[in-house]
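Visitor: Before anything else, here's the structure in question.
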Amino acid sequence: MEKNGPTSSTQDPSVPPCSRGSSSGLRYGSLVNSVSSLAPKAAEASAVSPKQAYVATAVLCYINLLNYMERYTIAGVLSDIQKFFSISDSTAGLLQTVFICSFLLLAPLFGYLGDRYNRKYIMIGGLSVWLLTAAGSSFQFWLLVLLRALVGVGEASYSTVAPTIIGDLFSGGQRSIMICVFYIFIPVGSGLGYITGAGSASLTGDWHWALRITPIMGAVGLILLVFLCPNPPRGAAETQGGGVAVQSTYMEDVKYLLKNKSYVWSSLGVTALAFLTGALAFWLPTFLFRAHVTQGLREPCNGDACNTTDSYIFGAVTVATGVLGGALGTSLSRRFVDKFPHADPLICAAGMLGSVPCLFVIIFVASSSIPATYVFIFFGELLLSLNWAVLADILLYVVVPTRRATAEALQITVGHLFGDAGSPYLLGVISDAIRSSNPGTHDWNFQSLKYSLILCPFVGILGGMFFLITTRYITEDRKAKCFKYVFVCVSKRSAARGQQKNGIKSDISGRGNVK
């Protein structure tokens, strides 16, 4: 019976290399037997105890929660910010765009560093920058824009490195669960960001306080990261703590990833998903507020604060669907992947394509029925949330450990560059262009944003097609990763044995000279 877990778990040595899982492919972590048998004996001891692994994962999940809380706090008080600074939809969308731009531009750098240097120190430095800039981004508008860009520096360092550490702490099915838990905190943090932002603005009567909560919580996360998070050897889960060190240039890493078709097509799917979720997360609370105003159910923004009820509800729905969708996606993956090796990209395609009808209903029903709109928001977000943990799973089992941080970084860069870096701003520009034909009416404010959101379902269809294409290559690339990784470990052991033999010969030769 297989036992998957932290890097210290023992494996049955009788199982042949590359045979565990399914006959047609391997889950990541299924190389534990073959690779650990090839690693030097000195590497048999675990680098990190099971207890340390679980504690470290909890710390990483907490910081991931804060990252996404901070990212979407602004969306929770966006109407207040627009009223306070008297800015248009396109200018408001710029707040998210500048953050994502800095995030994506620096992700490749941190991916390069994360594959070569101490990942814990990289995260500590990035998180420190994140705390300082997030704490100061609640004053004048253009200072807010500048500091929002700098916040992306901290998040780029963390998002590219943290998943690879979890990948090196656990193996097999246990790693699938831990990755699922980690990625569940993306929608949970996003939902809590809306709730925290709206709640802080409501309690204090000042939206500025919405941007000061997460830095306080982040200081606690920084302390926990310093004292409780290890830096396990790369590939520790596959070598029972020994790790694998392979020297390569950055261009060699990039060429390797571009030849990996599963990685390329799934990254394009991630890009479509990022475009979709970024646009919806930023604009849906405002869209729902304007729908209420159009139906006469709520007054327009009066005074210093706007009604933030929709941010509360949307945040709660996001949290619920994030937890349910992440757990459901991982459960489906674990249930079907041994029987159908291409199940993971199929799950992602089903989530993307299934969300498309829900999006059309959300856009066109909001003007007549708010309750029905929330029902379809729930199902749409649930389907989209199937993808996050499964996508991280795909990357980890088709990319070798020594190139995972670079793979994460490039996927983040492409995904954000063509995804949520521009989607909030693009929808804001479209909305402003439509509204300019009939400015000054609340109904047209709603209609202009409604028509701009129609772009989203078509992007969802495109993303589903990318994931369907991924199914053609996933089994082949998983096997290729397996054989490449075993070859690396065989080479390492052969080199170690060669050095040992040379040492013995030298010792014998030395004795002969003395004699």
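Cβ from N, Cα, C; glycine included.
According to TrEMBL:
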- 1-23: region 'Disordered' (REGION)
- 1-13: compositional bias 'Polar residues' (COMPBIAS)
- 56-472: domain 'Major facilitator superfamily (MFS) profile' (DOMAIN)
- 94-114: transmembrane segment (TRANSMEM)
- 121-143: transmembrane segment (TRANSMEM)
- 149-170: transmembrane segment (TRANSMEM)
- 177-197: transmembrane segment (TRANSMEM)
- 209-229: transmembrane segment (TRANSMEM)
- 263-284: transmembrane segment (TRANSMEM)
- 312-333: transmembrane segment (TRANSMEM)
- 345-366: transmembrane segment (TRANSMEM)
- 372-400: transmembrane segment (TRANSMEM)
- 412-431: transmembrane segment (TRANSMEM)
- 451-474: transmembrane segment (TRANSMEM)
Visitor: Taking pairs 6 or more apart in sequence, does the count of Cβ pairs under 8 Å between the transmembrane segment (372-400) and the transmembrane segment (412-431) hit 3 or more?
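Guide: Contact criterion not met.
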Visitor: To the transmembrane segment (263-284), which of 149-170, 312-333, 345-366, 451-474 is linked by the most Cβ pairs under 8 Å?
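Guide: Most Cβ pairs under 8 Å with the transmembrane segment (263-284) come from 451-474.
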Visitor: Look over the recorded stretches 177-197, 209-229, 451-474 and say which has the most C-beta pairs under 8 A to the transmembrane segment (412-431).
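Guide: Going through each listed stretch, the top one turns out to be 451-474.
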Visitor: Using a cut-off of under 8 Å between C-beta atoms, tell me which stretch among 149-170, 209-229, 312-333, 345-366, 451-474 contacts the transmembrane segment (177-197) the most.
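Guide: Highest pair count goes to 312-333.
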Visitor: Give the nonlocal contacts of the transmembrane segment (345-366) in its own chain as ranges (CB under 8 Å, at least six residues past its ends).
Guide: 262, 266, 269, 272-273, 276, 280, 284, 287-288, 291, 325, 329, 332-333, 336, 372-373, 376-377, 379-381, 383-387, 390-391, 394, 450, 453-454, 456-457, 460-461, 463-465, 467-468, 470-471, 474
Visitor: Quickly jot the same-chain residues contacting the transmembrane segment (312-333) by Cβ under 8 Å, restricted to those at least six beyond its ends, or write none.
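Guide: The answer is 76, 176-177, 179-181, 183-188, 190-195, 198-199, 281, 284-285, 288, 343-344, 347, 351, 374, 377-378, 381-390, 393.
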